[in-house]
Amino acid sequence: MRKKLYLLCGLNSERKLIVDLLAILFGIGSWLGINSVYVQLPLLVGNAPEGWNLPSYLVVIIQLGNIGPILYTAALRIKSFRDSYLIVALLVLGSCAAMTTAFVYDQTVHVFGAERSVPLFITVFGLSLVGCTSSVLFMPYMGRFKGIYLITYLIGEGFSGFVPSIVALIQGVGGNGECIAVNGTDPNEPPQYTSYTPPPRFGTRPYFIVSSVILAISMVAFVLLDRLAVCRREYAAVSIGNGNNYAYEPSTPNDEETRSAAGDAAATTKGKTSLDRTNYLLMMVLISVMCLFGNGFFPSIQSYSCLPYGNVAYHLTVTLSSMANPAACFLAFFVQRNSIRSIVALSVVFVPFAAYALTTAMTSPDPPLMHNVLGDILVVACWTLLVGLVSYIRLAITTLLRCEGGQTLVWVGVASQLGSLVGSILSFTLVNFTDTFQQYYPC
């Protein structure tokens, strides 16, 4: 009866649902902290002294979080240690950083003659350490389990962007800013106006408290995943070395899924030639460009592109864009093969969306179709599809290059981080030291 129920639900009867659940909860903790900051930007920019420039500061700070993987890699060469302890420490750090953000997000410090959101910058750096280091710790940790559980972890990693977006949609943004007359003491003076934005259903503080609780749940889920006997019985036939260095043993009759997956991979690889040097370099350059725009440049100018259309449009853009990322990754599970031709075609489709997003940002404070419902719809749809395309193209390139073997994935990571770094520095310079992007004032 149990096997029939599993087959009816499309699940393998050999897998343990408790391990699936814990793997999903563990995966949610990977990028939830950073995604929570991104989807809260429509409310943060209204109170921060940096104003619309705040995203450009945060993008650079998040890139600094890559010091985590660098320190981890360096530490492995000096001393061996259990990765599970470090994962727990990172998730505790993320939960504490999110809780601290709830109480200091609106605090400022006088630095270099101006007020700056230094406490927010510090807590975001802590959250970025968790996200960036998860790439070299969390997913490699799942390598000790049977291959079927890696997919559920990746689903959880996708939910790390989906869950904050759902909470943000429930929270709302209150509405668009309105100009309200302020009565002066002198009736002969011209009327003064101030901008008023209706409050959301709940504020930024409860939002980050919820994020902190979710990260704490993720930490508990990992401890159970690491310690429960029922979870350990789902390990693959593997010897675990320092730094999640695995030596897989030959398949046994019970490893049906693993042998089947290996057979499929061998069948796919059989008859397949490696990419020539030109196509290899093309894919490396393309993923670097996608990360330059997707991770570095566009997040910094999103406020200039969307806020002239109103707080509601900006709020919907940020939340739906965060949902587009896991949606694109989920779609990739159903695509059997990726080709250079399809990747290049999708990259061409990406160009008009990128051009429209850049145009709306550069023409701020008076972008096309402003104060028009069609303009709101276009900017929300443009950014959602833009982020979805970038996410899918990056995943497709990574999947294609994975078959090259060797240190290809290492170079994919280098190209991705280099593109993100260049994009964040470029956008920070343009936003803060030039007049390329102008803020819109409703009053």
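Note that the numbers count up from 1, one per residue, in the order the chain is shown.
Including glycine, each Cβ sits where the backbone N, Cα and C put it.
Features of the protein shown, as given by TrEMBL:
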{"type": "TRANSMEM", "residues": "21-45", "note": "transmembrane segment"}
{"type": "TRANSMEM", "residues": "57-78", "note": "transmembrane segment"}
{"type": "TRANSMEM", "residues": "85-105", "note": "transmembrane segment"}
{"type": "TRANSMEM", "residues": "117-138", "note": "transmembrane segment"}
{"type": "TRANSMEM", "residues": "150-170", "note": "transmembrane segment"}
{"type": "TRANSMEM", "residues": "207-225", "note": "transmembrane segment"}
{"type": "TRANSMEM", "residues": "280-301", "note": "transmembrane segment"}
{"type": "TRANSMEM", "residues": "313-335", "note": "transmembrane segment"}
{"type": "TRANSMEM", "residues": "342-361", "note": "transmembrane segment"}
{"type": "TRANSMEM", "residues": "373-397", "note": "transmembrane segment"}
{"type": "TRANSMEM", "residues": "409-431", "note": "transmembrane segment"}
Are the transmembrane segment (373-397) and the transmembrane segment (313-335) close enough that 3 or more Cβ pairs fall under 8 Å, when only pairs 6 or more apart in sequence count? yes
By Cβ distance under 8 Å, which residues at least 6 away from the ends of the transmembrane segment (207-225) in the same chain are close to it? 19, 21-23, 25-26, 28-29, 32-33, 36, 40, 84, 87-88, 91-92, 94-96, 98-99, 101-102, 105, 163-164, 167-168, 171, 231
Positions whose Cβ lies under 8 angstroms from the transmembrane segment (342-361), at least six residues beyond its ends: 282-283, 286, 290, 293, 298, 301-302, 304-306, 308, 367-368, 378-379, 382-383, 385-386, 389-390, 392-393, 396-397, 400, 437
Same-chain residues near the transmembrane segment (409-431), Cβ under 8 Å, at least 6 residues beyond its ends: 53, 56-57, 59-60, 62-63, 66, 135, 284-285, 287-293, 295-301, 304, 394, 397-398, 401-402, 437
When you scan the chain for residues with a C-beta under 8 Å from the transmembrane segment (373-397), skipping those not six or more beyond its ends, what do you find? 283, 286-287, 290-291, 293-294, 298, 302, 305-306, 309-310, 312-313, 316-317, 320-325, 327-329, 331-332, 335, 338, 342-343, 346-347, 349-350, 353-354, 356-357, 360, 367, 412, 416
Please work out which recorded stretch in 21-45, 57-78, 150-170, 280-301 has the most C-beta pairs separated by under 8 angstroms from the transmembrane segment (85-105)? 21-45
In the same chain, who gets a Cβ under 8 Å from the transmembrane segment (21-45) while lying at least 6 residues past its ends? 51-52, 54-55, 58, 62, 91, 94, 97-98, 101, 105, 120, 124, 126-128, 130-131, 134, 138, 142, 145, 149, 152-161, 163-165, 167-168, 173, 200, 203-204, 207-208, 211, 214-215, 217-219, 221-222, 224-225, 228, 231, 299, 302-303, 307, 311, 314-315, 318-319, 322
